[in-house]
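**Q** I am attaching a structure below and will ask some questions about it afterwards.
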Amino acid sequence: MTLADPPAGLSARLRTGTRSEHDRAQGSGFLDRLAAGTLPRAAYADLAAQHWFIYETLERAAAAMADHPVAGAFVFPELTRLPALTEDLTVLAGRAPRPSDADGSPAAGRALRPASDDGLSAAGGASHPARDDGLPGAGPAGRPDRDDGLVWDGRASRPGDDDGLAGDGGQPGDLGLPGDGAELVPLAATREYRARLHAVAFDKPWAFIAHHYTRYLGDLSGGQYLGPAIARAYGLDGAGHRFFVFDGVSPAEFRRRYRELLDAAELSAEDAELLLAEVVEAYRLNIAVLAELKERWAS
């Protein structure tokens, strides 16, 4: 990644400077298998659980940075994902994680893993109210810009693809979870991710913006295609995939507005360099979580 005398603004530098990391994240295979429905629904619940632990930390960092003169401009309450993840996991696993689950110790509970077919049924979930935030209302999302955040491009694998992952076709109702609700714990890669957020995102504006950009811009880009694909694959009708739904937000308009904020951010040249390097680190952490999930659900 070369940043010497860049002719473009920060948003363009982020897209071009993290292209290889973006492509690596797309090539993980795990998300493609979920979109194709060739993994058990418990694998999707596992992904949602890892997201819960990541966003629990990232959104506490957002609260800590809300009044910062630079980072505060990137704190948008309408992007908050933790309530949606809590709702999704209540449907998928019987409950959401507890703070005591976050250490990942055996005493915290048993982790999700491939298990027997017990037909745990899904419960309905209430939608979140739309917010009056000045953004255009939700509608059909524009095609996501290729390099905005952690993007999944919708090219799902199909059964029989040779990526080393096995699945049962993800039949609706086959959660592979204990009927009394699974205890949810973070993977080792998720704990590393949380540790990095704790180390830098609560008091360093460049780091907070880097992690915020990587996650939320990806959610508003490829996530707008991944969410419906997962809903179709696992028979989720309005409940269980709220994470991907941003009420009252037009993804395309929000991405445009976000790029303008990046280009207008009053960051020193040194902090801009640190921000780009931290986006690369955020990609690495996300890729590690997906790789561990892929390995976990390979058999």
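Each Cβ is built from the backbone N, Cα and C atoms, and glycine gets one as well.
Copying in the features that TrEMBL gives for the protein in this structure:
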BINDING   ARG15, HIS22, TYR213, ARG259  heme b binding site
COILED    255-282  coiled coil
COMPBIAS  117-127  compositional bias 'Low complexity'
COMPBIAS  143-161  compositional bias 'Basic and acidic residues'
COMPBIAS  166-179  compositional bias 'Gly residues'
REGION    1-25  region 'Disordered'
REGION    95-180  region 'Disordered'
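For the listed features, I'd like the structural context: burial, neighbours, distances.
**A** Secondary structure at ARG15 (heme b binding site), as computed by DSSP, is helix. The Cβ neighbour count for ARG15 (heme b binding site), using a 10 Å radius over every protein chain in view, is 17.
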**Q** For the coiled coil (255-282), report the average pLDDT of the model, please.
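**A** Within the coiled coil (255-282), the model's average pLDDT equals 96.
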